[in-house]
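K.L.:
Please read through the structure below; I'll follow up with questions.
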Amino acid sequence: MPAIVLIGAQWGDEGKGKATDLLGGRVQWVVRYQGGNNAGHTVVLPSGENFALHLIPSGVLTPGVTNVIGNGVVIDPGVLLSELKGLEDRGVDTAKLLISADAHLLMPYHVAIDKVTERYMGSKKIGTTGRGIGPCYQDKVARMGIRVADVLDTDQLAHKVEAALEFKNQVLVKIYNRKALDPDQVVESLLEQAEGFRHRIADARLLLNNALEAGGTVLLEGSQGTLLDVDHGTYPYVTSSNPTAGGAAVGSGIGPTRIRTVLGILKAYTTRVGSGPFPTELFYESGEYLSKTGGEFGVTTGRRRRCGWFDAVIARYATRVNGITDYFLTKLDVLSSLETVPVCVGYEIDGKRTSEMPMTQSDLCRAKPVYEELPGWWEDISAAREFDDLPAKARDYVLRLEEISGAPVSCIGVGPGRDQTIVRRDILQERA
């Protein structure tokens, strides 16, 4: 079987955990391929139990699935161990979680520099989570990062940490007037933490490719969303990695020709956390309604999400840059009881209309949404399990979004629960 990529098609928080959980029972491997604990997935089991995951793939909640934290992820060891303990304390079996030897470790100096930099930037700050993700990726690109495999060689680890802190301490002390970190203490602390995950370190590339050769199905799970991609997102208000489908191959070690299906997760309206342009953003009553009804608060940060109407411009853009083959539309139930539901079908910029993503951020900041008003529905749709169970106007809304997004809507979420899903098309079925 080929690999499947699952990506967010907006600014993150689209409901990727629900999609992974739905597919988990039919795949053998689930891989997290980028990001760190700056993003979170929420999974609600049929029992009503709620799990918030930040580093560990959502497939850990499905028995028998092997989960992998891929080489494209940056791992905070303390967060990893805390998340493992939280799952195990609730009876979740984590024995089949593996960690790529080539994933990078997020160090204390990354967090320190991230937090102090944001404070130093003041009103010009980007709005990071302050968890050290960006500085860790900076070290990766600068070839001075600490990788998971380094904990297996104490001497090399000590040498790398000492070399890194020769520079980092200069930054902390001389620029930001903070205390220097002791290399020996940093190494000692990391080695103590490593005792809790050393047995999970693996050659993930080899294992995943062997699994595909043997006919297994591998689900590649991205965090955040397309518009937060460092290359294709609303730069500079983006993350430091590639959540887009192209990042799945790089962040897992699976060749791109192995990937046959790209499942985009698309919320029935739009949200984003942090700074940056957001053409359809709502304020006052409409924004309050979506925020309250949709429970729009960040899993990782707890910050209230900015809310807006569905934006077909960014949906089409996501379809294009990811090669999306199918969409999973989530939170359709949140729109129930609205008289009309506006959908953004284009932008007006300086008096000119466009249906494409602006090339510059300054243009996007000036973009005014052009709306198409669709009739709403009043019925509670949370019990719908077939497409025909939906009210006619809800079906029309889905079909219109499918038409203007550029890919079929194969699944629809009508509530937070695993079973509150309508499957219109089996995305795991082989296609000609």
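Cβ atoms are placed via backbone N, Cα and C, with glycine included.
Sharing the features that Swiss-Prot gives for it:
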type	residues	note
ACT_SITE	D13	active site, proton acceptor
ACT_SITE	H41	active site, proton donor
BINDING	12-18, 40-42, R305, 331-333, 413-415	GTP binding site
BINDING	D13, E14, G15, K16, N38, A39, G40, H41, T129, R143, Q224, T239, R303	IMP binding site
BINDING	D13, G40	Mg(2+) binding site
BINDING	V299, T300, T301, G302, R303, R304, R305	substrate binding site
K.L.:
Could you tell me which three-state DSSP class R304 (substrate binding site) falls into?
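P.N.:
Assignment for R304 (substrate binding site) reads strand.
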K.L.:
From the binding-site residues T129, Q224, L332, pick the residue whose C-alpha lies nearest to the C-alpha of R304 (substrate binding site).
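P.N.:
Nearest candidate: T129.
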K.L.:
According to DSSP, folded down to helix, strand and coil, what is T42 (GTP binding site)?
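P.N.:
In the DSSP reduction, T42 (GTP binding site) maps to strand.
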K.L.:
Restricting to the recorded positions G12, G15, K18, H41, T42, V414, which ones have a CA within 10 Å of the CA of R303 (IMP binding site)?
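P.N.:
Those near R303 (IMP binding site) - Cα within 10 Å - do not exist; the answer is none.
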K.L.:
Given the binding-site residues N38, T42, T129, which one's Cβ is surrounded by the fewest other Cβ atoms within 10 Å?
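P.N.:
Counting other Cβ atoms within 10 Å of each of the binding-site residues N38, T42, T129, the minimum falls on T42.
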K.L.:
Within 10 Å of each Cβ, count the other Cβ atoms and name the one among the binding-site residues G12, G15, G40 with the highest count.
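P.N.:
Ranked by Cβ atoms within 10 Å, first place goes to G12.
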K.L.:
For the binding-site residues R303, R304, R305, which one has its C-beta crowded by the most other C-beta atoms within 10 angstroms?
P.N.:
R305
K.L.:
So how far apart do the IMP binders D13, E14, G15, K16, N38, A39, G40, H41, T129, R143, Q224, T239, R303 get, largest Cα to Cα in Å?
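P.N.:
Max span of the IMP binding residues, Cα based, is 34 Å.
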